[in-house]
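Swiss-Prot lists 30-37, 149-152, V178, 186-189 with the feature ATP binding site, giving sequence analysis as the kind of evidence. Summarising the annotation, Swiss-Prot assigns active site, proton donor to H37. What Swiss-Prot records for Q61, Q155 is (R)-pantoate binding site, and it gives sequence analysis as the kind of evidence. The beta-alanine binding site annotation in Swiss-Prot covers Q61 and rests on sequence analysis.
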Amino acid sequence: MLIIETLPLLRQHIRRLRLEGKRIALVPTMGNLHDGHMKLVDEAQDRADVVVASIFVNPMQFDRPDDLARYPRTLQEDCEKLNKRKVDIIFTPSPDQIYPQGTEGQTYVEVPGLSTMLEGASRPGHFRGVSTIVSKLFNLVQPDIACFGEKDFQQLQLIRKMVADMGYDIEIVGVPIVRAKDGLALSSRNGYLTAEQRKIAPGLYKVMSELGEKLQAGERDLEEMIAIAGQELNEKGFRPDDIQIRDADTLFELTDASKRVVILMSAWLGQARLIDNKIIELS
């Protein structure tokens, strides 16, 4: 396993792999790795000869400085986990390597519409930061495929559109959400939960699942269904942030033609902002 911190060294190894005809997979992460990330690695290994995992806490996608400052950084433990998974290359650049002139004057990539709706509306600049760093990593690693978790559903859709619009010859693989036994979606931010909050946290998935059952049963008063779900979250101890029911293919509001629906939920529990989603196939 190679640990690479600089762009020139990464380019050198990528050139060698390309000359050898290797199929390269990229797994972009911000570190603090858990079983959900390992699922991405497993998927990448099944589909490629070489796996490159990046660990970079991207300052450009944080809308609050305090959130960036407290984001968990566990590089040594992350490298140990990736080594056990036999990842070929770990790319761990510093912010100075990625943004040598800082983020303010950085050329950026922005996906219109998807960057500013839903999650993007409440986190200005977040998705611009995501699309910019992912585009940079694509240019540096030159992967044949890249694996992303479906937990960040809007992010996945945004990256797919960026790849299509920019003409990247990269297969984007969405990997299903990995959940704890009680249903809580695995997330690096779950570490912000206290022991008591961790007991409450699966309630988000429970409320979302009940909402999905109503949709499958034919209920269509979305405004009332969302209001009830928000009330249920409040009663469980959450502070609801956003609940949306959207077309899973476009992320726009439902139409009569919508066949795949995604429920998108976010809620605060103490200092942790939890997000989750569920795909519903309508008959």
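Cβ coordinates come from backbone N, Cα and C, glycine included.
Sequence-distant contacts of G36 (ATP binding site), defined as residues of its own chain at least six apart whose C-beta falls under 8 angstroms from its C-beta, comprise G149, K151, I177, V178, A185, L186, S187. Other C-beta atoms found within 10 angstroms of the C-beta of E150 (ATP binding site) number 18, with every protein chain shown included. Distance noted between the C-alpha atoms of Q155 ((R)-pantoate binding site) and S188 (ATP binding site) is 16 Å. Shown are the binding-site residues Q155, S188; the one with the most C-beta atoms within 10 angstroms of its own C-beta is Q155.
Ranking the binding-site residues M30, L33, V178 by the number of CB atoms within 10 A of their own CB puts L33 at the top. Ranking the binding-site residues M30, L33, E150 by Cα distance from Q61 ((R)-pantoate binding site) puts M30 first.
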